[in-house]
Structures are given as structure tokens and as C-alpha cells.
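Heads up, the thing below is written out as C-alpha cells.
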Amino acid sequence: MTSAVAFNRSGCYSLSYEPEELHFNDEITISEYIYRRILQLGVRHIFGVPGDYCLDFCEEINKVPDLKWVGTCNELNGAYAADGYGKMSENKIGVFVSAFGVGELSAINGISGAFAEYSPILHIVGTSSRQQKQKPYQMHHLIPTQNKLEPDHYVYEKMVEPICVVKESLHDVSNACSQIDNAIEKIWQHSRPGYLYLPSDMATAKIPAERLTSYSLNLKNGKDDDDLQLVEKIAGIILEKLYKSEKTVIISDYLIRPFRQQEKVQCILEKLIDKVNLVTTTMGKGFIDEDSPRFCGVYAGAQSPLPQTNMIVENDSDLVISIGTFEVQGNTGNYTTKIPREKLISMSEFYCTIGENFYQNVSFVNILSKINEKLDSNKVLKSPHYSIMSEADSNNNNNNNNNNSNIDIDSEALSLKFLIKSLQDFLKPNDLIVIETCTFMFAFLDLKFKPGQKVLSQLFYNSIGYALPATLGASLALRDLGLESTTRVILIQGDGSAMTTVQELTTYLRQDITPTVLLLNNDGYTVERIIKGPNSVYNDVAPHWQWTKLFQTFGDYNAKSFNAKIETCGELTKHFNNPDFATGKRLQFLELILDRLDAPDFFKSMFDKK
């Protein structure tokens, strides 16, 4: 059985099927219907933790052999993994399964992060049966109510309302298919999580299979109810300003990815090639080619790696067009961006601003489509060209100048600064860099990305421990996309954050994924030490973990993984220069020993005591 999700010119994604997919039995179970709908999106892996209320649902996956179950060690890790899958799987969604109450609440932090950062996840929750809901019994996993005769089986459904775009609670078999489809559609369209509550007695209830082929899911980017005349008006105003501008800067921002606008933006930029200057944001890094002669760096206000970037964007330009704007603390240099309002055009999920004019309830997806359709590149003036030297280029020049120096750095203690310099050479085109909430999060902007490189992180929500399970999900997403053999996955992980989700390393082994894990062992919570309490006990973690033996502990009895402890610059260089290590074809783990206060200088300066 095969299926695909294809984009058409109308802006919709459509499902295409092989003929054998049309031959279903007259009836299938509700569970099988859910699985087959998921499969139609191209999803091949779903994550979950079984519980008694969802066991019948879990059992039904055996009827859909093309869909693989990935059991995670706990529900929070499963939600993180589904988040990583959802963010990296392009036109698909992440799927996570749990029992209600204890399992559902364990995952709620992961679902909250997915909502905050636009990751599409379908959380399927197995609940008490419809019969149990009608009886005055306090069933296990419930929170007891004051009135013992009126247990609330829907208490958890009320809790998730602020962190989802859709919540469907099944009760009537006759409405089940439309509710399931609505949940999947809303999650896909909004690129945010949604919930599907499945009573245990409905998991094997029979329904007609016909709807799987008679009804195509509505997979349309953008808002269906946009005022098309308003969209046309806004696009016209933007193009008019673009044609008049002599110094245009285009900002590639975060929401381009979750709303699947990369190709459209790339098409627009190709029409404007060598005519406008380009920058990205912290969370938009990796969306545009940093080798372009028009690339002017990462714009992050006071946190911009290059001051010249701020000068170009804020002072030298006469028009700044921000595409996919995501205005949050972690993406604006702690709100230190200072673009004059009169020259800023900002396009986001549900609004567009042009100078002082604010247009709400209009999607940048539809505006981009109209701009792409109407843009006449011959009318665009050529903006001044700037010669920008990135931090990485500067480091390379310094290294070349020091080649004849007598200083031997091989024996020097490893530092974060040396790691950044070494990674610049080690990283290859098309690599996926997964970044934990740790000191490296404040240093990766110094990396100049090569073509095709992508980053996966939680730079806004910042839940420590996210990256390790998210790497599992992202790696399996790459497998489902057919990109596993051509994409190395490099995880940058802190020691303190790893301790919260480390058991998922065993699932790396079970699923045979091969990320390169670089664990920054700085003896505790260095980010917090810089902020407050450098020597306080609350920033300490359990010392002396045998990190390089963890894979063996978690079941690597066949020694599939490679593990090493790195304390000096020379040791790191040796491994990075090793051709076998550089292939990334084997599960690899390097424990990097760093000073407990080793952090980027600019991050330290934010908390210097005056």
C-alpha cells in the first residue's frame, strides 16, 4: 500500500492512491479508519505508550502493516518525539497515543511546546468506555470529585483546550469518521496539536470504509475564509512599495516552515535574485542560502552575531519585508529588534502590517501566493550590495593567520568556542542540527550554515530535555521522507537536560537510528549558573555519570554505537577529522568535558553585574 501527499497550483495538498488502496472490506473498525487516514498523509511511524484504555486501539495497528508503532519510555518523551517528527516531516503530522489522565497529563508539557512552536501533532487518547461514563464509579486514572456520585470523565479534556486547535471527543459511531477527519484537517491546516478522544469500547466498533476514498481530506494552506479582495489589495500595496524601494531587505522568519511556504518563498527570492538583501531570524535560520552574496546575516537585535546586520536592516534600508513573522522573546533578541515601523511590512499567520496599517484575519500564505503570481522582477530596483564577513569566516581567517604560530592547542582543555570553530568545518550540506536548551543554543548563530542545513530546536518554549527525544522523531521523519541516507543528524545536548529524558537512548538502538550525539558535560546547569548562583547547589546535578557507557546500559550488547570522552581540543579534532566518524552512518556519542561556566561571551554580558 502506498500513498503520497502532493502539492497542486491551487495551494492545496492532495492525496494520491495506488489502485489497491480502493479495495477495502465493507466495514472496518474505527481504529483502522484512524490508522489508514494517518497513513494517507504519508505518516509511517507513530509514537505512544500503551495503557489499558487504549490497548484495543493499539492492537488494531496490526491491520495496517505499513504503519509502525514506536513505543517510547514515557509519555513526555513520546510527545517530544512526535513534535520532532511533525516539524521535520514536511507535509505530514506527528502522531502520539496514550491513555487518558496519567498518560495524557505526562505528555501535556510536550504538547504545549508543540502548540507554542507550531508542530502538528495528533494526540490520540484512549478514554473510559461510554458505559463507564454513565455510571457513578470513580474509575482508575480519574480525579475524584467532591460529589462521589458524579465522576467527571471529561476533566482532562477541559485542561487541554488552551493548547490545541481542535478537540474531538468521540461518542456516536455515526459521526466518528467526520470527527476524525476534522481533527486531522485542523491539525494539518494550523500546524498545531489537536486531540482525538477515543472511548475504549469504540476502538473496535465497525464503520463503513467507503469514506476513506469518497472523501478527500481538506489539506489547504492558509485561511479558507480570507477576503480575496483584501488579499489582492494587500499584495498590490506590497508590490507597489517593493517597486519604489531602492534598499530592500527581506527577512525569512520562522512561520515559513510550519505553513509549508519554503518553495513559494524560494520562488519569489529567485525572481529577485541579486536585487534585494536577505537576512534570517534566530528561529528562521536554515530557510535561505547563507552562501548567497546577498545574505547579510542573522537579525536578532542586540543578539545579532554581526552588528553590521542591524545597521543594514534598521538604518540603511528603506523597506523591510518580513515573511512568516514570529514575534516572541527567543526570536527577537529579547525584544531588542528596532525596525522603524514606517518601513516595515510584516506578514504572519493571521495578520499583515504595512507601516502603521494593521490588517487582521488574513493569512500570509494567501498573500504570498498573490505576490508570487503578480511579481514583475523587471520593476524591482537593485539594492546596494554589502560585503559581510560572518563570525565563521572571521574565525577561519584568524586560524589561517595562526597556522605558523608556536601555540599548540591540541593539549588545551576543550572550550565551547573551539567546538563552534570545529563544527563549522565538520558540518556538511544537508545536515540536520538538533539543539537542546543549553549554552550551545546561544552560540549556534555564529555558525554559517551550508546549503540544505536545517536546525531543530525549541528556542521559544525552551523545555529542557526536548532535543534528545525530538531527535528520535526527526530521524524517523527523515527515514519516511527517504532522506535518511543523505542527511546526517547531529544532536547538541546538555548534561543536565539529558538527565530528564536520557532513557530514550534505548529507543535509538531499537529503531536503528544513527545520530551523532555531542553531549556538553559542564557539570550542571551552566545557563542558570550564568544567570544566578554560579556555585549554588540548586544548579548542581548528579556528578560522575558514566555517559559513554549508557548505550551499553540501555541494551547495546552488540556494540553498534561508538562512544568516547573528549577533554582536549586535539581529541575533538582527531574524531572530527576521522573519515569513518564523519560519515554519520553509525550511532555515535561524544562526551565533551567543558568548564562549568563556559558560555558565549555575549550571553555572559547580558547578566554581568554593573
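Any Cβ shown, glycine's included, is placed from N, Cα and C.
Curation does not apply to TrEMBL; its annotations are automatic.
Keep in mind it's a predicted model, so treat the numbers as computed, not measured.
Packing around N522 (Mg(2+) binding site) is summarised by its Cβ count: 24 other Cβ atoms lie within 10 angstroms of its Cβ, all protein chains included. Annotation comment: TrEMBL describes D495, N522, G524 as Mg(2+) binding site.
Note on the domain 'Thiamine pyrophosphate enzyme N-terminal TPP-binding' (29-135): its mean pLDDT in the predicted model is 97. The feature domain 'Thiamine pyrophosphate enzyme N-terminal TPP-binding' is assigned by TrEMBL to 29-135.
Annotation comment: TrEMBL describes 238-365 as domain 'Thiamine pyrophosphate enzyme central'.
Residues or ranges marked as domain 'Thiamine pyrophosphate enzyme TPP-binding' by TrEMBL: 441-536.
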Worksheet item: For the Mg(2+) site given as D495, N522, G524, which other residues of the same chain have their Cβ within 8 Å of the site's Cβ centre?
Response: G494, G496, L520, N521, D523, Y525, T526, V541, L594, R596
Fill in: Neighbourhood of G524 (Mg(2+) binding site), C-beta criterion under 8 angstroms, separation at least six
D495, G496, N539, D540, V541, R596
